[in-house]
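Written below as structure tokens is the structure these notes are about.
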Amino acid sequence: MRSLVTRAWEDLRLAASTRAVWVGFLGSLGILLGSLSPAYLPQASPIWDVLRDLGIDGATTKWVGTIATLVGLSLLLESWFRLRPARRRAAGAPQLRHWAVLAIISAPMLVGPPIFSHDAYSYAAHGWLIHNGLNPYQVGPGILPGYFADQVAWVWRETTAPYGPLALWMSHGIVILAGFDPYLSAVLMRVPALIGVILIGVTVPRIAKRVGVDPAAASWFAVLNPILVIDFIGGAHNDAQMTGLMLAGILVTMKMRRWWLGAILVGVAASIKQPAFLVAVALPFLVAPWTSWRPRAVAWAALRALSSLAVAVAVFAAISVVSGLGFGWINAINVPGMVDTVSPFTVVGYLIQFPVNWITGDPTGRAAVVALKGIGSVMSMLGIVYFAYRHLGRRPLHFLSYSFIWFALCVPALHSWYLLWGAVLLPMTKPSTRALRGAIVATVVLLGFNAMNFGIRNGAWMMVLILFGAAYWTMHTHELSQPMDAGGDGPRPREKDQSPTP
């Protein structure tokens, strides 16, 4: 035990002696300061009273908060690039333990309000509903007027909960733990989120090692990814628990060679957020690949996949029944899509809507957005079928990573944290340097979009432009200006097609 503590202390000390780690810490601190300003707090937050007492609740403070947030985001990106294992290896610097780096960088976010999202306030309101004997699958937070409901974004106040029953009961437990304080309940939603992040941090390097990928490189991309830091830790999204349990199911299956054990964990993950069910389909092929398209082989593969899915569904159903909440989440399955986001299909719909509205003089162009959202949903399913055909049998981790990323891009509601479902497995697919570079650029773009929403809402157009300039300079300096083989984490030789043979 003493040696374990000593080793952990040495890991923290080494991380704390690294300048790039403190650059990330300052970035998180800047984002924290911005989240405490009028620039981002919900109107019902008790922090407003403190700001008014201090006389810093005006437009100037909002601008200062916006600047602090955007500068913090730039520093967080700069830190991420500097901490890349290949860069440190090339410089002869010692490799860092990524849990220690993450602990230092994310520390400021642990004490502030939810970052870049108000979903945690919805979680708290759902827990409050359960405590008052109401089912969040049947009524929205607005049914109980008060601070819990007032903290929730107006668009979600009358909608029912789309989350799994375990997520709702965890929210109820956190509300009790917080002493029924609305704001503290939202902040403490980070407790289950941190458990999910710990699971991710433990499982990613171990899965990477089992498939022949550098654990340090995989942890850098997945565990230290700024989207994870901001959305899973800062935003307290319950996707963190779902993702951590999914990865735990994968690791248990690979280690124990028993797919049904992994399927049990996947069923628990799905009781937090339902997309986790997809993992159950792939688990049997981590134990024994599917290598032939002969009818008997296909039938056996289908039986194995459906059996694994059945175990996960049975666990999910048991949790749903025991919770007493039932299966009402089905009625709210379209709730996330109520808000327009930068989903590619939604963006294309808007590009059609604007000229149609201008030509016709009425809002009929909105039909294009609705139609494109529907097309995106269909394309998401077709893409998963395609990836199953190409990868499920012999490369199940490829199937999961690509399918989750494709699904997140196609569904009507695209949020940066959705992409983490598949991104945490992307290093295990041994991507080429070009593909990895694309994923890094996507990370920067998505964070830039979050910042753009933040800045524009507060009238800080100029600061948004400066941020984009700083982000591009950082990305160009550390990534785009480097030769395609300079990353050190790639390039990878293209694998021969190993899909099932006829």
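Positions of Cβ are set from backbone N, Cα and C atoms, glycine also.
Database features (TrEMBL):
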- 491-502: compositional bias 'Basic and acidic residues' (COMPBIAS)
- 483-502: region 'Disordered' (REGION)
- 20-40: transmembrane segment (TRANSMEM)
- 60-77: transmembrane segment (TRANSMEM)
- 98-116: transmembrane segment (TRANSMEM)
- 163-180: transmembrane segment (TRANSMEM)
- 187-208: transmembrane segment (TRANSMEM)
- 220-238: transmembrane segment (TRANSMEM)
- 259-286: transmembrane segment (TRANSMEM)
- 306-330: transmembrane segment (TRANSMEM)
- 367-387: transmembrane segment (TRANSMEM)
- 399-420: transmembrane segment (TRANSMEM)
- 435-452: transmembrane segment (TRANSMEM)
- 459-475: transmembrane segment (TRANSMEM)
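By the Cβ criterion (under 8 Å, sequence separation of 6 or more), the transmembrane segment (399-420) is not in contact with the transmembrane segment (163-180), since fewer than 3 such pairs are found. Listed by sequence, the residues of this chain that lie at least six past the ends of the transmembrane segment (306-330) yet keep a Cβ under 8 A from its Cβ atoms are 130, 135-138, 160-166, 168-169, 259-260, 262-264, 266-268, 270-271, 274, 276-277, 279-281, 283-284. Remote same-chain residues near the transmembrane segment (187-208) are listed as 98-99, 102, 110-114, 120, 123-124, 170-171, 174, 177-178, 214-219, 222-223, 228, 232-233, 236-245, 247-248, 250-251, 254, 397, 424-425, 427-428 (criterion: CB distance under 8 Å, separation of at least six residues from the stretch ends). Touching of the transmembrane segment (220-238) and the transmembrane segment (367-387) is ruled out by the presence of fewer than three CB pairs under 8 A, sequence neighbours closer than 6 excluded. Below 8 angstroms of C-beta separation, residues 123-124, 126-128, 130-131, 136, 187-189, 191-192, 238, 241, 268, 270-274, 316, 319-320, 323, 325-326, 329 of the same chain, each at least six residues beyond the ends of the transmembrane segment (163-180), sit close to that stretch.
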